[in-house]
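Engineer: Just passing along the structure, written as structure tokens.
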Amino acid sequence: MPTTDSDHEKEGPSPIVQHLNDASTSDIDADDLPKGYFTRPAFIGTMVAAGLALAGGGGTFALVAPLLGIINNDIGPDPNYLWIALVYTLTLAIGQVLVGRLSDLFGRRWFFVLGSALALVGTIVSAAATTVPILIGGSVLVGFAAAPQLSYTFVIGELIPFKYRFLAMAYVYTWVTAISGFAPAIAYALVQHTKHTWRSCYYVMISINAASTLCWYFFYFPPTFDEKYKHKKTKREVIQNFDFIGLILLVGGLLIFLMGISWGGSYYPWKSVHVITTIVVGFVTLIVFVLYEALVPLKEPLVPMYLFTNIPWVATMLVVALGASIYYAFAIVWPTMVFSIYTNELTYGSLLCCVAGTGTNAGQLVSGSLCRRIGKQRTQLIVMTISMGAFLGACACATPYNKSTVIACLFIGTFSMGYMDTVGLTITGIAIRDQAEIGTAVGLAGSMRSTISTVASTIYTTILTNRLQKTIPQEVPAKLIAAGLPASSVESFLSAVAIGTPAAFAKVQGLTATIEATGIAAYKVASAHAYQTVFYSTIAFSGVAIILTFFTPNVDDRMTNSVPVTLLHKEETDEEK
């Protein structure tokens, strides 16, 4: 049904958009679209908006995560500074399932316009923060805003022919090649060479989010609410039938559960009442949510449970989540390993920190370009997941003296992860029975991705912390004393190593250059032993993912020329009639 000018006066400025069909129920063959459709401003502007949004949504976390210690030293110290990064994945997990489902029900436009606008506000608040709590508050806004920003999979997917969806993913990832791949180097360079140091990271994101907001606002006009339902439903009806109880159960349960996971081992001991209570209450609430969604007849369920009867889709969703959990974990763990074991030099160290990001981004670009040509997506997922598990597990060979070997294994492992992530994430939007629910399906996959990433990050950091508390006391003091350092100076030496400045070492009584070199070497070896355990632990996640890949689908038969949703200028369409 064509829309009138007055319809779109409520939606935003021109260009006015007309949809050839009910985009929520019918596909259109790309050959039937007007000539030059894919080069029109509305389409190109939307593609640019999606790329900028991904850069804004993912770039903030990528740039800030390596700088948490520097930020805490500047506006802290505050024991809660780790929440600057933790609230990002926590709020993202909650937001993605909501954005996917709600935009399926009510239309997408304003979720994406306001999402980038919220990111703009969040980065402004963060850039101006004078205390850690204020910065955490800004990160909450950035995390919620990242939900629509990182929903590029279904926004782009529904606008182009099925056969080009993998290639479209590669296009989107080109927008984050610099920020995602080289984030640590960029972040440390901004700290070293700009007046505003770490705040410059947020200034970069402010400009990106502003540009993204403008592009969404002026170019993105997907089907409106009336076009989706052809006036068969009103907004009041959908709101009245909406699953508000499910919303409360899901958001509350997920929030409480992830807070408990994040608290454990960092703010409170795992055995503390705070941790146990929040984890148990959150988990039980999520179980109640699942039972409620499955057993109560709902007209507009928050999560249509029949999606989970699609085993290939479920398997793909879990494979993607397990793979992504490794990226988010190593975005935090790998930089600390670099500066603990391999170097104290900031510029060189920041470049080493880029290995995981560049490997992941390279895999994403290659898979998007080649996946359809190679075909047999299940086989691709199996091979790449095995490669990911093997090479990341092989990083457990790490010592202070085999840096090149570790870097090679890490790059190949993260490349494999990036490859399988793009293939799997794209399939979550293809391997569903009804493209009208692509937002819900991909939103669920994204939420699961963020949830498992939060859990995995906590597991990895807890393992690392616990192992460092054992390996360093067990290995370093004996080497120091054997080298001639008085036993009374061991504790001050360990504190000096953590600080890493000449002034700190000068305060250690009885320390000589030879003893210092011996102690630092012993400290690096002990730290390497702790990091080895972290790499070993990735095998458990990879093993589960490998098993699940055998249940994922091939989608070669779906690589058609159909386009689920169109964006057409009304005035241009009228000329062609």
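Quick reminder: no glycine exception, Cβ is built from N, Cα and C everywhere.
TrEMBL entries are annotated by machine, without manual review.
Pulled these from TrEMBL:
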- 1-27: region 'Disordered' (REGION)
- 1-12: compositional bias 'Basic and acidic residues' (COMPBIAS)
- 42-69: transmembrane segment (TRANSMEM)
- 46-557: domain 'Major facilitator superfamily (MFS) profile' (DOMAIN)
- 111-129: transmembrane segment (TRANSMEM)
- 135-156: transmembrane segment (TRANSMEM)
- 168-190: transmembrane segment (TRANSMEM)
- 202-221: transmembrane segment (TRANSMEM)
- 242-263: transmembrane segment (TRANSMEM)
- 275-295: transmembrane segment (TRANSMEM)
- 307-334: transmembrane segment (TRANSMEM)
- 346-369: transmembrane segment (TRANSMEM)
- 381-401: transmembrane segment (TRANSMEM)
- 407-432: transmembrane segment (TRANSMEM)
- 533-552: transmembrane segment (TRANSMEM)
Engineer: Please report, as numbers and ranges, the same-chain residues at least 6 past the borders of the transmembrane segment (407-432) whose CB is under 8 Å from any CB of it.
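Structural biologist: Sequence-distant neighbours of the transmembrane segment (407-432): 153-154, 157-158, 162, 165-166, 169-170, 173, 307, 310, 312-313, 316-317, 319-320, 323-324, 326-327, 330, 334, 352, 355-364, 366-368, 371, 377, 380-381, 384-385, 387-392, 394-395, 397, 438, 441-442, 445, 549, 552-553, 555, 558.
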Engineer: Counting only residues 6 or more past its boundaries, what in the same chain has a CB within less than 8 Å of a CB in the transmembrane segment (42-69)?
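Structural biologist: For the transmembrane segment (42-69), the list is 15, 17, 81-82, 84-85, 88-89, 112, 115-116, 119, 123, 126, 139, 142, 145-146, 148-150, 152, 155-156, 159, 171-176, 179-180, 183-184, 186-188, 190-191, 198, 201-202, 204-205, 208-209, 211-212, 215-216, 218-221, 331-332, 335, 350, 353, 357, 567-569.
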Engineer: With CB pairs under 8 Å as the measure, which of the listed stretches 168-190, 275-295, 533-552 comes out on top against the transmembrane segment (381-401)?
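Structural biologist: Out of the listed stretches, 533-552 contacts the transmembrane segment (381-401) most.
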Engineer: Is the transmembrane segment (168-190) close to the transmembrane segment (346-369), in the sense of at least 3 CB pairs under 8 angstroms with a sequence gap of 6 or more?
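Structural biologist: The answer is yes, given that the two segments have at least 3 Cβ pairs within the 8 Å cut-off.
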Engineer: Restricting attention to the domain 'Major facilitator superfamily (MFS) profile' (46-557), give the mean pLDDT.
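Structural biologist: When the pLDDT values over the domain 'Major facilitator superfamily (MFS) profile' (46-557) are averaged, the result is 91.
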